[in-house]
Amino acid sequence: MLRTMLQGKLHRVKVTQADLHYEGSCAMDQNFMDAAGILEYEAIDIYNVDNGERFSTYAIAAERGSRIISVNGAAARRAAVGDKLIICSYVQIPNEDARHHKPNIAYFDGDNIMRRIAKAVPVQVA
């Protein structure tokens with residue numbers, strides 16, 4: 001049996017561009033992709049913190065160091081410049097390996113500056 005597990009996450013990045021007429025995708029700073037282990041053309045899910053939209057597309061690289069997050073094509077109708085996003089990729093792992101799997105999680109401030117990288121989501125307390 002395979003389990004679908006979180007592989008990489010960009011937590012609370014800010015949309016810097018939304019281009020309805022660009023070929024579909026989400027362009028992101030290559031440094032961001034490297035931190036989360038997201039590959040170019042990999043399927044990603046995007047969760048818009050500001051409006052609750054959830055959608056799928058694929059990743060493409062933007063210039064390294066640019067801090068760009070550009071939502072393109074039809075997806076541009078689901079995210080506006082300034083919106084905060086959570087961008088995730090997933091991997092299928094054999095059941096026996098799933099309990100030991102650790103995702104790559106990059107956390108950002110409001111200016112798309114990476115503040116830390118982690119291998120787990122903090123435990124939620126009451």
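Our numbering is plain: 1 for the first residue shown, then up by one each step along the chain.
Note: Cβ is positioned from N, Cα and C throughout, glycine not excepted.
Sequence annotations record features per position, and here Swiss-Prot assigns active site, schiff-base intermediate with substrate to Ser25. The feature active site, proton donor is assigned by Swiss-Prot to Tyr58, with sequence analysis given as support. Taken from Swiss-Prot, the feature substrate binding site covers Thr57, Gly73, Ala74, Ala75. Under the heading pyruvic acid (Ser), Swiss-Prot lists Ser25.
Annotation for the recorded positions Tyr58, Gly73, Ala74, Ala75: lowest Cβ count within 10 Å of the residue's own Cβ, Ala74. Comparing the Cα of Tyr58 (active site, proton donor) with the Cα of every entry in Ser25, Gly73, Ala74, Ala75, these being the recorded positions, the smallest distance points to Ser25. Just so you know, the Cβ of Thr57 (substrate binding site) picks up 19 other Cβ atoms within 10 Å once every protein chain is counted. Counting only the Cα atoms, the space from Ser25 (active site, schiff-base intermediate with substrate) to Thr57 (substrate binding site) is about 6 angstrom.
Secondary structure at Tyr58 (active site, proton donor), taken from DSSP and collapsed to helix, strand or coil, is strand.
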